[in-house]
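Annotated transmembrane segment per TrEMBL: 7-26, 46-65, 72-96, 233-255, in sequence order.
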Amino acid sequence: MFRLSNNLIGILNVLTFILSIPILWAGVWLSNKGVTECEKFLDTPVIILGVFLMVISLAGLIGACCRVSWLLWTYLLVMFLLIVILFCFTIFAFVVTNKGAGEVVSERGYKEYRLGDYSNWLQKRVSSTKNWNKIRSCLVDSKVCSTFAEKYSGDTVDQFYKRHLSSVQSGCCKPSTDCQFTYLGPTNWTATSGVQTNPDCKTWNNDPKTLCFDCQACKAGLLDQLKRDWKKVAVVNIVFLIVLIIVYSIGCCAFRNSRRDNAYRGKNGA
């Protein structure tokens, strides 16, 4: 049992260590070569993840192969904390993404999005000016609306209204339907006279760098996309949790057998 459990932990940690090298390299590359706000935002978390995986895999590898009980104990403690954190995050992700959905609009292929429909926690994340400026920069840099404009540039108004747009495209790249603007192109609209109760109508601008990036609908569209992505991540986390629990169980066996072996050697040495 000692050989099996320790060998399995050793193999798993060698694979983890190998995985940590490209992750750490990617973080360093982003730190040195990143030019957009999105790239710069990602470099620190990626470097931290790479270093964490490298250190914990070395602890598990040395502890299992060299029978160092305190390293194995540290490895198991970190694994246990990781399981608890991941479990809590998975529950949290399901809770905060349980609320909110796009609103179906008559004679439109796309949906409209309202910020108030989503959880208060998510709303606060995008309501912060500091946070939104970073997100807005990412949206502009990703050219989500310029690509959208090129793709549907030849559409007539009837063709455009039938398009199935993503939540980000619907919220950020065009004005809300209740503004009743006149369609000239996917990102080119003319305001009409009349009373407009939606504040996004005044926020809209045909400038490609402005459009509706500061609209409430854009924030809502982003949250809808985030909601779907988080649910996918939560499902992946469940699978990852199962794997972690299996690895943790094997690690416990390796730790127990390592202590027995050390105790046995201590008695013989005595």
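Placement of Cβ uses the backbone N, Cα and C atoms for every residue, glycine included.
Taking every listed stretch (7-26, 72-96, 233-255) in turn, the largest tally of C-beta pairs under 8 A with the transmembrane segment (46-65) is reached by 7-26. Cβ atoms under 8 Å from those of the transmembrane segment (7-26) belong to residues 46-47, 49-51, 53-54, 56-58, 60-61, 63-65, 247, 250-251, 254 of the same chain, restricted to positions at least 6 beyond its ends.
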